[in-house]
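J.: Structure below; questions to follow.
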Amino acid sequence: MASLQTSSLILSSSSSNKISATIPVPKLPRVPMSVPKMPTRTVVEELNMRAGFTNTVPIDVESYNSTSIANTQLYALLEAVADRVEMHNNIGKQRDNWNTLLLNSINMITLTAATLTGVGAIGGAGMPLLALKLSSALLYSAATGLLLIMNKIQPSQLAEEQRNATRLFKQLQSQIQTILTLGNPTQENVKIVMEKVLALDKAFPLPLLGAMLEKFPSKFEPAVWWPSEQSQNKTKEQEGKFHKMAKNGWSEELEVEMRDIIEVVKRKDIKDYARLGNLMLKINKILAISGPLLTGIAAIGSTFVGNGSWAAIIAVAAGALGNAVNAFEHGGQVGMVFEMYRNNAGFFRLLEESIEGTLEEKDLEKRENGELFEMKVALKFGRSLSQLKELARKSAYSRREGTSIDEFASKLF
């Protein structure tokens, strides 16, 4: 019992010592503390920190802002170009419908007028004859008026203009998307794209009144849908022209090849399309004058029906000929063919200026890569690289010998 009491006293004594050791808490002195300010970071640094890039290379904020603005401007231009694609596509369909509807309407009016004139010549007399004469004269006059309007605006040519505008705006749209995909656009890219958009707007106007292209120019001229002034500065110095030219894909041989190809384009393709364009322009002018003239003669002749057989013959024959001329001009879409030749000649003119502009740039590093440029030229002509080189050799040989080359540069059209 004595041992138990002794041990319990020891335990209680030790536990009381532990309790007394934990109760007293010393008062700490108040020390003024200031929260340190977090270092400020730019938006680019903050994005890098969130992405886990702690050791980043310092970024030029001004360059980043310039790229961001150019990027935004290109997206705005891309939206405008997409809208123009839709507008030109819709208006092209509308004007193609104009051609079909006007052609069918004029032909039906002319045939009806010719029929009434023939019926009046066969057995009309008195009031029925007067009614037939008046009806045929009015119908012929209406056909003449509609033909004058139709020949003035040339709906088939208008539709072809809008089809070409749609294709070229789609091409520009894909070029903008390529620039955005490659990244780091510049204000120079924005300026060039803006100039191309304005040049296309001028080349293919949407309204008819006041802005419509001349359908019967005095001389055939290729279409121009690119900026007339090159935005980049070209140096004209000839010093060191071929010094170490085997860089950026360019060489003396490639330059000579490009110049030989330009000669073929000038002497064959552009010249031939100019000849065909002038021919179609003359044909279209003759048809545009002949149609209304014939229906006008028929309208005058129909008023003399009943006074002799010749009046009826002239009225019916002129009406039938006017109908045939109208069907050939607008059914055959002569205006569209003329516009197609004009745009094809413009394509070769653009290619010529593109090659010459590239060769005039003496700083090889500022040029497009030579091998890539050669491949693009070959594709635009529908040729392989070996066929393009062979064409250049033929061009050089024909110029040395003073003979004409026997093939065109393009195999596409």
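Using N, Cα and C of the backbone, Cβ positions are placed for all residues, glycine too.
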J.: According to TrEMBL, transmembrane segment applies to one of these ranges: 101-123, 193-215. Which one is it?
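T.: Going through 101-123, 193-215 one by one, TrEMBL gives transmembrane segment for 101-123.
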J.: If we skip the immediate neighbours and take only residues 6+ beyond the ends of the transmembrane segment (286-304), which ones have a Cβ under 8 Å from one of its Cβ atoms?
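T.: Beyond its ends, the transmembrane segment (286-304) has Cβ neighbours at 110, 113-114, 116-117, 120, 133, 136-137, 140-141, 143-144, 147-148, 151, 216, 311-312, 314-316, 318-319, 321-322, 325-326, 328-329, 334.
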J.: Mind checking which residues of the chain, 6+ beyond the ends of the transmembrane segment (101-123), have their Cβ under 8 Å from one of its Cβ atoms?
T.: 129, 132-133, 135-137, 139-140, 142-143, 146-147, 150, 155, 295, 298-299, 301-302, 305-306, 309, 311-312, 315-316, 319-320, 322-323, 326-327, 330-331
